[in-house]
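Worksheet: one structure, shown below.
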Amino acid sequence: MSDTASLVSAVEILGAVEESYKTILTPEAIAFLVLLHRTFNQTRKALLARRRARQAALDGGILPTFLPETKFIREDPTWQGAPPAPGLVDRRVEITGPTDRKMVINALNSEVWTYMADFEDATAPTWENLVSGQVNLYDAIRRQVDFTPPGGKAYKLRTDRVLPTLIVRPRGWHLDEKHFVVDGEPISGSIFDFGLYFFHNAHELVKRGFGPYFYLPKMESHLEARLWNDIFKLSQDMIGMPRGTIRGTVLIETILAAFEMEEIIYELREHSSGLNCGRWDYIFSFIKKFRQNPAFVLPDRSAVTMTSPFMEAYVKLLIKTCHKRGVHAMGGMAAQIPIKSDAAANKAAMENVYKDKLREVNAGHDGTWVAHPALAAIASEVFNKHMPTPNQLFKRTEDVFVTEADLLNSAVPGKITEDGIRKNLDIGLGYMEAWVRGVGCVPINYLMEDAATAEVSRSQLWQWVRHQVTTAEGIKVTKDYALRILEEETAKLEKAAPKGNKFRQAAQHFSTQITGEDYADFLTTLLYDDITKINSKSAKL
């Protein structure tokens, strides 16, 4: 890249550049990011505008359908996704979590097949979290991530087994990285996360027998998958890597993407490693997209399970689609964490994990997610017993037919209760309070909550107030009622938390989102400015 100096000159870095960051923020890597930004950012912005137009149509009552213009893709039986890449043939249990150094070591030491290092929903995108996370992954790939915090215990990578395959989840298309400005505008968070990881590690990963693998979140159409594919192709060309080395697993976590699953695999063909059921985000998207439509009001979050009609239809279609096209159909998250203080409650929670994983493997999933290492043994036991092969891509379900009406079937049994309202408030407040402190993954009531579950909580509250529902106790859910309960729950949480907590700050934001009026596109965009630390001058490398 002969033009590196002039490309770097187009960049302002508005976050602190610690000495350890300089391994990552090299002139060559920065130049690579600039080229990706200049080549693809206009397309990204056009796709985000398309999202807004699509939402306006949904608000007007136009429901999604399978696309007539891509019918030829769905009806062509001959095309296939890529064969599984090295390290991705067997993915029966995947662990996910943020990219702090301790988590990276613990995840790689877990008895799992892959580790999804998450720059998205499990990470609050402070500048420090993002760049230090890149440092941690750089070091982990090279097996130099061991560390001992001051006065703490030593954390070391195990050497008695092959470590799990690393997969990275960058942020979604809607998020900017305000600390890294190119030509006067913030770079895409997706491009920033992907570009730094790929540039520094792609060749090293291949040398070690793997490759640069990614989970791709929050997409709403096959055109957004096409953008990722174009970025993959150019990125490989730029560093002299054969096309098809990158692999991307797409999280089907929006209702609109569910109508375009085959098209999404088709766009990524040579780079596709399958689809994943992003269950909590999918519920969030279902509520969000149809929030103005009273026919889509759902009961308490606890009643919306994977056997709810619209969820069951989505799972069946995902498995059928993936196996038809020769790629993995990954299951969803077990968010439970061990309850050490209550043996009976812990037993019941772990039995629920077992049942959920049994449902997934019997349905035809090729693997599943856990949020805590202790759950890996349960998930492994289920998949090892019921899927003795590395995957079950051979399991075809041609007799399954999922219609548009099935995907939109909101007839979920259950009630809306005051307890459900309070739980939504607790989860939303608990997660948002942690997020503005720079923590993106937080245990609440023995579940590992991330942005997706907080989104479900606030979207349900907005929906219930908007449509003036009545609870099982006979209470009409109004704006005033929601704000009163919010104040009660905030006061309780504040009282129980250590001094210096940010529950009041979280409540101020939350209060704007539960009245059936304003609705931020994402909580992460609503809260982002609270955790940005913009320097007045560009940092010197």
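Each Cβ is built from the backbone N, Cα and C atoms, and glycine gets one as well.
Unlike curated records, TrEMBL annotations are generated automatically.
Listed in TrEMBL for this protein:
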type: DOMAIN; residues: 11-71; note: domain 'Malate synthase N-terminal'
type: DOMAIN; residues: 165-409; note: domain 'Malate synthase TIM barrel'
type: ACT_SITE; residues: ARG169; note: active site, proton acceptor
type: DOMAIN; residues: 415-531; note: domain 'Malate synthase C-terminal'
type: ACT_SITE; residues: ASP450; note: active site, proton donor
Taking only the Cα atoms, work out how far the residue listed as 'active site, proton donor' lies from the residue listed as 'active site, proton acceptor', in Å, as a whole number. 14
Hey, what's the Cβ neighbour count for ARG169 (active site, proton acceptor) at 10 Å? 23
DSSP-assigned states of the domain 'Malate synthase C-terminal' (415-531) in counts, ordered helix, strand, coil: 71 helix, 8 strand, 38 coil
On the DSSP side of things, how many residues of the domain 'Malate synthase N-terminal' (11-71) fall into helix, strand and coil, could you say? 42 helix, 3 strand, 16 coil
Segment confidence, the domain 'Malate synthase TIM barrel' (165-409), expressed as mean pLDDT: 96
What is the number of other Cβ atoms found within 10 Å of the Cβ of ASP450 (active site, proton donor)? 27
